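Annotated features in TrEMBL:
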BINDING   Ser44, Arg45, Arg46, Tyr98  NADP(+) binding site
BINDING   His279, Cys280, Cys291  Zn(2+) binding site
DOMAIN    8-125  domain 'Gfo/Idh/MocA-like oxidoreductase N-terminal'
DOMAIN    133-245  domain 'Biliverdin reductase catalytic'
Amino acid sequence: HRYTEMLGVVIVGIGTAGRVRVRDLLNPLPNSAIEKLKLMGFVSRRTLGNIEQVKQITLEEALQSDEIQAAIISLENQFHEDYVRMFLEAGKHVCVEYPLALSVAAAQELWDLADMKGKVLHVEHIELLTESYKQLKQQVNGKELIEGSLHFTGGPLDRQRTGFPAFSGISRLSWLVDLFGELTFKSATLEEQQKQHYWKMTVHFLTKSSRPLVWTEERGSELKRKKEIHFRFKSDTLDHFPEAPNSHVGVFMQDLNLFAQKLAGQTCTELSEKNRILHCLDLADKIRIFCEQIPPS
């Protein structure tokens, strides 16, 4: 009877994340819900043939196949919304890399569509699954924040594909909301030097107890990928990430297991998870609108 419970999965997009998804589905975590998922093929805009015996299929085949019950969307951010909608409308469960969409209105529509279709919509947040983040969360829990900042630097991004910086950096925003609860957006600045592929976005928030939090995303050709934190609490100050051993289970595998558990009905998308995702996208929208307003001349 075991095979009656298998769920067919397709991966859409074969970039770095997509290839990790292929690997994880072919080598599932033992005794996990992932063992019930069967990789039926992948969709790519490039012609790649087979990858590790997994066959390339067309988007139409993926949407129409009765053997495929779920899709994992690993495309550039600009395509997430359209592809999530297509697969939900075709009656498939969906796992998508963050961000769910490039506006909160679109994200809300997609949740509503998933509810209407009775399908699982799962948004990957691997940054919340890293060991160093889990340790950080433990260290922050129960403490009273006085003020804090999170500064992220990384290489250049193609804004066309990744969206406005508040969206491409949504995982950092997710951290702040997961650590300190819902935030109120106060103000933001965005400085850009397009020739140098450089930009720096600085955002000011207040926590529920009106404590200031500053989030900075900075990207450019010369910048190395790193995060710096400075959280001042009533009791002490945290200004570096806790040392954490690497988990023996990769973050994408942990995420895949969360998706598989939802598909198996072992756990559902908690309202708090959905609310956090929508709250972060709402903040990202507010930041974008604020930065794109042309100053009065």
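Backbone N, Cα and C atoms are what each Cβ position is placed from, and that goes for glycine too.
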Let me make sure I understand the span of the NADP(+) site: among Ser44, Arg45, Arg46, Tyr98, what is the greatest distance between any two Cα atoms, in Å?
22
Looking only at the domain 'Gfo/Idh/MocA-like oxidoreductase N-terminal' (8-125), what are its DSSP counts of helix, strand and coil residues?
48 helix, 28 strand, 42 coil
Show which residues of the chain containing Ser44 (NADP(+) binding site), separated from it by at least 6 in sequence, have their CB under 8 Å from its CB.
Val12, Gly13, Ile14, Gly18, Gln56
Give me the Cα-Cα distance between Arg46 (NADP(+) binding site) and Cys280 (Zn(2+) binding site), rounded to a whole Å.
33
Which site among Cys280, Cys291 has the most other CB atoms no more than 10 Å from its CB, taking these as binding-site residues?
Cys280
Suppose we draw a 10 Å sphere around the Cβ of His279 (Zn(2+) binding site). How many other Cβ atoms does it contain, all chains included?
17
Counts of helix, strand and coil residues, the domain 'Biliverdin reductase catalytic' (133-245), according to DSSP:
30 helix, 47 strand, 36 coil
